[in-house]
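J.: Before I ask anything, here is the structure I am working with.
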Amino acid sequence: MNNVTLHTLSACKQAGEKFAVLTAYDACFAHAVSEAGIEVILVGDSLGMVLQGQDSTLPVTVDDMVYHTQSVARGNQGALIMSDMPFMSYATTELAMANAARLMQAGAHMVKLEGDRWLADAIALLSERGIPTCAHMGLTPQTVNKMGGYKVQGRDSESAKQMIEDAVLLEKAGASCLLLECVPALLAEEITRAVEIPVIGIGAGAATDGQVLVVHDMLGLTPKRTPKFVKNFMADTGDVQSALRAYAIAVKDGSFPAEEHTFK
Ligand SMILES: Nc1nc(=O)c2c([nH]1)NC[C@@H]1CN(c3ccc(C(=O)N[C@@H](CCC(=O)O)C(=O)O)cc3)CN21
Ligand SMILES: CC(C)C(=O)C(=O)O
Ligand SMILES: [Mg+2]
């Protein structure tokens, strides 16, 4: 695969072609995921739960994210690397600048921040300084204590309207990408149409421009109950490389996510 850039993702959106995203936290998975034709690798702070056994993403540090981003960058074969900024590492614009710089120097091509309109200042600053950003909206796991659990967001008309406005506002502030987690499919579709930047979904229906899953979930390796939006691609394939390819194909041909993976 040729090197994937932000331009590749925008071109996908314009052509109506779907792109695939998976997490990877180490060189081995980064190699396998990028070789399978998956456009974007997410070095997610979900590594706190998946690798460290924590019960939320809050304990993950910038040092953890730097270590895993460096490992992923060494194994990567041409995918775009997006790294999560962990809890409180972008609480002020100064913190955001210093910590995003560390992730970019570790090998990220873009950083992801969780929030809504309050992210505008940090996104504007990072973008002006040459760091592309993805705004992660909807279910934002770093605010699990405020949300009172991992719950679908944007179900009432007021919060849905607010989410659409905030998505447009963050695009205007300079966001290069959006990620929508656990929102009703119709709302995700409306947001995807309302912005020109590519939109990645997880538990957000089939209308977003890209789809993401945690790689351990789609390989059936997660010991706990997995969320509704997860499909085990290992079940019908039997080996890791085939499962990764089957996921890439299913995202591109629109067969994943299906109705059963989607919130109404
Ligand atoms: N292994 C793993 N996979 C993930 O997708 C993931 C992580 N870890 N850690 C960080 C966050 C946490 N995420 C989660 C965790 C639980 C639900 C969940 O249980 N959702 C309910 C929806 C409940 C409702 O209807 O409001 C579900 O039934 O799927 C969703 C996202 C997504 N991320
Ligand atoms: C679940 C995805 C979107 C994420 O942010 C992560 O893996 O940390
Ligand atoms: Mg995350």
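All positions are counted from 1 along the displayed chain.
Keep in mind that glycine also has a Cβ here, set from the backbone N, Cα and C atoms.
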J.: Which of these, Asp45, Asp55, Asp156, does TrEMBL list as part of the Mg(2+) site with Asp84, Glu114?
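T.: Candidate listed by TrEMBL for the same site: Asp45.
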J.: Using the alpha carbons only, what distance in Å do you get between Glu114 (Mg(2+) binding site) and Ser46 (3-methyl-2-oxobutanoate binding site) once rounded?
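T.: With the alpha carbons as reference points, the distance is 13 Å.
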J.: About how far apart, in whole Å, are the alpha carbons (Cα) of Lys112 (3-methyl-2-oxobutanoate binding site) and Asp84 (Mg(2+) binding site)?
T.: 5
J.: Can you count the other CB atoms that lie within 10 A of the CB of Ser46 (3-methyl-2-oxobutanoate binding site)?
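T.: For Ser46 (3-methyl-2-oxobutanoate binding site), the count of other Cβ atoms within 10 Å is 20.
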J.: In the structure shown, which of the binding-site residues Asp45, Glu114 has the fewest other Cβ atoms within 10 Å?
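T.: Comparing Cβ neighbours within 10 Å for the binding-site residues Asp45, Glu114, Glu114 has the fewest.
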J.: Which site among Asp84, Glu181 has the most other CB atoms no more than 10 Å from its CB, taking these as recorded positions?
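T.: Of Asp84, Glu181, the one with the most crowded Cβ is Asp84.
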